[in-house]
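Asker: Let me give you the structure first, and then I'll get to my questions.
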Amino acid sequence: MSVGMGIDLEAFRKSQRADGFASILAIGTANPPNVVDQSTYPDYYFRVTNNEDNTDLKDKFKRICERSAIKKRHMYLTEEILKKNPELCAFLEVPSLDTRQAMLAAEVPRLGKEAAEKAIEEWGQPKSRITHLIFCTTTTPDLPGADFEVAKLLGLHPSVKRVGVFQHGCFAGGTVLRLAKDLAENNRGARVLVVCSENTAVTFRGPSETHLDGLVGLALFGDGASALIVGADPIPQVEKPCFEIVWTAQTVVPNSDGAISGKLREVGLTFQLKGAVPDLISTNIEKCLVEAFSQFNISDWNQLFWIAHPGGHAILDQVEASLNLDPTKLRATRHVMSEYGNMSSACVHFILDETRKASRQNGCSTSGGGFQMGVLFGFGPGLTVETVVLKSIPFP
């Protein structure tokens, strides 16, 4: 259709669209330097929160940590910080939100910047080529948001188009890929910087006999940030894609209200986790796979490479059993969980990074461990599932 003085708006619309799928062009990760050993964490935790006399509860926490399949985690909160801010070590008795947010407002963008700089360095292109920024966190609700702060720390151009993804939790690592795909494929030449930065200072608190799900969270979560450069139609010989984002979906698991939830209050973000979560995910995940891969005539889930959010070892065990997966399929997920714990939205990007690196080190033919097609799953509050179909890139 032509309008005005011979302007062809339809041609203009088509010219704005990319030709190919969005690709992940670079990945960067970052963690705080403070490392917590899971085997000694119960003793440390009950000491710094002044609960050493509660030996029965400490024994329960030890068993939770022993069953977590986690070796170590990175945490911003050190013993020195906790001693200076004892309100963080109370359970729900003392308001602490101001203290937490003062920390998070600085640390969340800072760690995000660190991951972003690594991704930009790998990408090898000037920051001036970044057209969009997607920033994700489940921590700080300040205005302007952490997206603004990261853009400022990185020195991005003021015209970079920002999108904030806040309070989504563990499924958001898939959400940001879905958004990045839409932005990259509908804006020719766009280069989208995706940053996820998560910090457990928002949830750390003392123990309680009446809130054992809080102890589960304290045994699982760690701090980390991830960053990716996403764009369609990579420049040959200049940009080096590692995965293509083929298809995305989001769904809410039936009858799962309240299975995973968090409430931001004066005492920080309180965490609720029901024991039914592994069952809910494992009994519904095949529906997501069928929806995603029937259009590609794929029904053998062992013919995919897997990037699954490590919500906990019970979830992974039940998914593996329900789908009869080869144990190698979740190897990268289990490795990241073991070394870093559950870093919420950033986790699946760490697993993507681990998958491509292990694939090259092991002499595989593609970035997906020798497989062409793969799936990325994010699980989180709702209970929400993000499904992302990925295509690997052949190694030269």
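Keep in mind that glycine also has a Cβ here, set from the backbone N, Cα and C atoms.
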Asker: Among LEU25, LEU104, LEU273, LEU352, which residue shares the substrate site with LYS60, PHE61, LYS62, ARG63, GLY311, GLY312, HIS313 according to Swiss-Prot?
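Answerer: The candidate from LEU25, LEU104, LEU273, LEU352 that Swiss-Prot ties to substrate along with LYS60, PHE61, LYS62, ARG63, GLY311, GLY312, HIS313 is LEU273.
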Asker: Measuring Cα to Cα, how many Å separate CYS170 (active site) from GLY311 (substrate binding site)?
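Answerer: Rounded to a whole number, the Cα-Cα distance is 8 Å.
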Asker: When DSSP states are folded down to helix, strand and coil, where does ARG63 (substrate binding site) land?
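Answerer: Reduced to three states, the DSSP call for ARG63 (substrate binding site) is helix.
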